Amino acid sequence: MTSKVVFLLLLSLVVVLLPLYASAAARVGGWSPISNVTDPQVVEIGEFAVSEYNKRSESGLKFETVVSGETQVVSGTNYRLKVAANDGDGVSKNYLAIVWDKPWMKFRNLTSFEPANNGRFL
């Protein structure tokens, strides 16, 4: 009788914990929302994205703020940000940027930067 009770308890535990494990496993490598887009680290990444875009495109965008964002843990962290910037005309526009950051290697790379449109992420 005791072994049946132990077996049922273990089986119940597996049934309860298995969905939690599967849920956590599905998030590994997935995108997670950034709860505080005013965090200095997030703002620094946003400023880097605009600055790097300006260097590559010989543009003159001026960073304003990070509107929203997500992170993805890879070999480092991918930041997918919607940033507001203007090109000096006084009109703020949103841009989508992806930055790969590996702070322990002092490595940061702008992977993508484009005008935001309603059909995309964020």
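Count begins at 1; order follows the chain as displayed.
Glycine is no exception: its Cβ is also placed from the backbone N, Cα and C atoms.
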Feature motif 'Secondary area of contact' in Swiss-Prot, mapped to one of the ranges 27-31, 72-76, 112-116: 72-76
Nearest-integer angstrom distance between the alpha carbons (Cα) of GLY29 (site 'Reactive site') and ASN109 (N-linked glycosylation site): 18
For ASN36 (N-linked glycosylation site), nearby residues of its own chain (Cβ under 8 Å, 6 or more apart in sequence): VAL42
